[in-house]
Each structure stands twice: as C-alpha cells, then as structure tokens.
C-alpha cells in the first residue's frame, strides 16, 4: 500500500506529514584516507545514496495506526483515495480514448483530403494527358494538311509543267506549220510572178498599144471638155456684161451682203460687251453682292431678301478699339451721306496685321451705305499676263454700270500695286498697273476704291497719291479680345447648343469667367485666330463621344492655339525685319 510509504497521499491525510528532508552529507564521506591517493574519486557503493528514513517512518506509522482508534477511518480514507485515483485514471483513460477517436477522425479527414487531392491530381493529370493528346492530334492534323498542301502544290506544279510542255509543243507545231505554209506561199507567189512576167514579156507589144490608145482617147476627152466649158462661160459672161440690169443687181447684192456680215459681227461684239457689263461678272471679281440675272434665276428667295433688306450698322459684328471704332464710324456715315448726295467717293487704304477685320468692315461699310461691294485679290492679276489690261478695263467698266454704287475692295493690293521704279515686275504687270492708275486717276460717283494691305510701304507713289484716307487696323487689346471671345463663343457654341437638334451640348461652368480667362491667355492673337479657336471648340465637342463641351476641352484647345501662335511668331521673327505691319511676337 502506497500510503504506508508516504506516496500519493491526499492533501487532507491525517497522521502522515511531509517526508523528512535528506540527511546532510557527512564531511568525512568524501575525503578521509582515500583523498591522498592521487586525488582520484573513490568508487561509490550502490546503497550509498539509499535513505532508510522513509521505511522507518512507515513502520512507525503502521505501528501507531494499529494501536489507533482511527485505524478503520484511515483504511476507509485510503480506499476512497484509491477510488478517486481510479476515477481519475478512468477519466484520463476516457480522455485518451477521446483523443484517440479525434486522432482517428483527423486521420480519416486527412485521408479524405489526401484522397480528394489525389482525385484532383488524377483529374488534372487526365486533363493534361487529354490536352496533350489533343495537341498531338492537332499537330498530326496540321502535318497531314501540310503534307496534303505540299502534295497539291506538287501536283499543281506538275500539271503546270505538263501544260507548259503541251503549250510549247503546240506552239512549235504551229510555228512549223506556219513556216511550211509561208514557204509554200512564197513558192506559189514566185511561180505566179514568173508566169506573169513571162506573159508580160510575151504580150508587151499588145500592152503598149492598149496604153497608147487609152492616152489618146483621154487627151481628146479633156480637150473637148475644155472647149465646151470655155464656150459656155464665155457666152454666159458676154450675156451678163451686155445686160446692165443684172450687173447692177449683182453689185448691189454683194455690197449689201458685205455690209450685213460686217454689221452683224460688230453688233454681236457690242451686244456681248453690253451683256457682260450689265449681267455678267468680271473674271477678277471673287465675290460680289451685286445681283445678276443668272443669280436671280438660281436663288430668287435670297435675291428678294437682299432687295428688301434695310441698311445695316457698319460696325455690327466688328470689334475694334474705341478710337478706331469712332474713326471708321465717321467714315461709314460720310460714305452713306456721299451716296445720298450723289457726290464723289473717297478712296481708303486699310492696313495692318492679317485677321484684324479689314475685309469684314469693307462689306459692312457697303451694306451700311446701301452700296454693292465687289472683292478682288491682288494675286489674281499677275497670272493673267497680257489679258490683265483687258480684264482691268472690264472690271472698271462693270463698276461704272452699278446703279447703287459699288465699293471695290482690293485685298492684298501690294501683290500688283508695287513700285515701278525699284521692284522687278514684268511688262504685263506694269501695263496692268498703268491701266489701274488710269482708271483711278479721278474720283468717281459710281464706285469707291478700298485697298487692304499688310505691307503698304511697297505701294507705288502714284497709288499713295490716289488715297484720301488711311486707317490702321491693329491687333485687339484685352477688352476687344474679351468681346471677340464672348461673341464667337455665343455664335459657335451657345447658339448651336440651345437651338435646333444638333449634337453639341455644353457642360456646366462659369462661361463669363472662362471667356475672360481665354481673352487673357490669347494676348497677341488676331480676331481671325480667336474665331478659329471658337470653331475648334465646336469641332472638339462634335468629335467627343457624348457631344459635351467641357471646360477641360476648352483649356486644351486654348493651349494648342497659343502654342501655334507662338510658333507662327517664331517663323515671322526668323524671316527678319521689314515685314511692315505684321504682328509682333507677344
């Protein structure tokens, strides 16, 4: 029994205390007489560490228990302790069994997982094997196709070679046949020629006699015809001369015929010039508001609207600086009053950078004054060569036939109105310039001359003498650019976005602030460049997927326009000085 030796005792056991500590080691047990033998440790006995104290204490406790009155209780307590230990051992055994069962379930789960992995791996291997077999089958099929294609190509090549050989044999046969036929033909022709020559040699006398008879007969026939014709003409002329009435009638008829032909020719020329001057348009005129018969027949509604339209404001749609606007308004008022009073028109020179509104103001000036306008370019004169003088006279003749008065606008006038003394110009262009100077030597109440140029310093001195007023159109400032941006933004973006069924839409942002910002960024740009910028906004919106013009799109197009303007200024600067009134790089 374990409780006799003090082992596995419960915490509440009575009569048994904790085991006594081990006795201390005797100091003489380690040393003694053996220490002097070379300091080697002495061999230990197997019972040297045995402590008999526990046995003694157990025997003592057993004796006390036998004489104690609690011996039975102690025995019961020992049995209960043994039962408790057995229950604990059974619970541990159950735990061990549960652990074993859990381990078995884990093993089963691991085996199932391993089986699943094995199945998936087998499936994957099977799929890979199937794919590999399919790949091999495809390769075999492709190889078969290639072999079949090579075989077909080889058969086709053999067939082509066979056809070529047959064609060569047929060609050789035909050539041989033609050669033999040619030889036979030559032999036949040679035989016929020999036979004909032999027959002609034998019949030479007969042939010469036939030729002689035919020539004599032809000579006799010709002589008789001449005698007969001379007799007839002589008798007719004698009869005509002797009859003075016939002579007089013939002379009068020929005279009337000559007069009619000459009159018809000149009348046709005069009528053609009249029709061309009244109804046609000169070749030098590129654009005109003057109504022609052909235009009235083609567009009757537009012509009627133009006839019924009232005079417009000369500066409508034209954005200029305040000082320039006041000056050109005075010119427009003076021109309108000149037309009303049927006085002489003044000639005007408008110079400045391109795209500043010179052509637009000329059109507005004509419409405001109730006049017709005609636009020609100086570059069209030089290619006409010798026809330039005639075309120039036709232009001014056509201008003098206008009942409402004509504003003749010459764009890029420096192209042909150059200095005659220093510039190297052709004789034809010099003659055309002289014709222009002749027709503009005096003021007219039929037409008004307006010249536009970027380089007015190249004009001939006689041209400068014919100009009454010079107007300088400069690049727009900050305020003018903002007005231009707002006007073109409204024309090309706002109106298409709010009117009609167009695809253009406009995103939500501050339009006024954006127009002011664009005007600030476009410093140095002309009105035409700002109009092109607005058109590019419209095109960008049309090119987008949803047709919406956003603020970012506008900024992108503005940056592109500014870069393009700077590039143009770099090119202009590279050309060197002497460009007249070209815009300076900003």
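Here the Cβ of each residue, glycine as well, is placed from N, Cα and C on the backbone.
The N-acetylserine annotation in Swiss-Prot covers 2, and the record cites experimental evidence as its basis. Feature annotation from Swiss-Prot assigns coiled coil to 86-219. Summarising the annotation, Swiss-Prot assigns region 'S100B-binding' to 290-305 and lists experimental evidence as the type of evidence. Annotation comment: Swiss-Prot describes 321 as phosphoserine, evidence class a large-scale study or a structure entry. Positions annotated as ATP binding site by Swiss-Prot: 352, 353, 354, 355, 356, 357, 358, 359. Positions annotated as N6-acetyllysine by Swiss-Prot, on the basis of a large-scale study or a structure entry: 491.
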For residue 356 (ATP binding site) and the residue listed as 'phosphoserine', what Cα-Cα distance in Å is obtained after rounding to a whole number?
11
What three-state class does DSSP give residue 352 (ATP binding site)?
coil
Would you mind checking how many other C-beta atoms are within 10 angstroms of the C-beta on residue 353 (ATP binding site)?
21
Just to verify: the residue among 358, 491 with the fewest other Cβ atoms within 10 Å, which of the recorded positions is it?
491
Given the binding-site residues 352, 354, 355, 357, the candidate whose Cβ has the fewest other Cβ atoms within 10 Å is 354
Can you check which residues sit near residue 359 (ATP binding site), meaning Cβ under 8 Å from its Cβ, same chain, 6 or more apart in sequence, and list them in order?
375, 409, 411, 452
Which chain neighbours of the ATP site, leaving out 352, 353, 354, 355, 356, 357, 358, 359, have a Cβ atom within 8 Å of the mean position of the site's Cβ atoms?
452, 473, 526, 527, 528
Calculate the distance in Å between the alpha carbons (Cα) of residue 354 (ATP binding site) and the residue listed as 'N6-acetyllysine', and round it to a whole number.
22
Integer Cα-Cα distance in angstrom, the residue listed as 'N6-acetyllysine' to residue 357 (ATP binding site)
17
Cα-to-Cα gap, residue 353 (ATP binding site) vs residue 321 (phosphoserine), nearest whole Å:
15
Near residue 321 (phosphoserine), which residues of its own chain have a C-beta under 8 A away, given they sit six or more steps off in sequence?
474, 476, 477, 480
So what pLDDT does the coiled coil (86-219) average out to?
91
By a simple count, how many Cβ atoms lie within 10 Å of the Cβ of residue 356 (ATP binding site), its own Cβ left out?
27
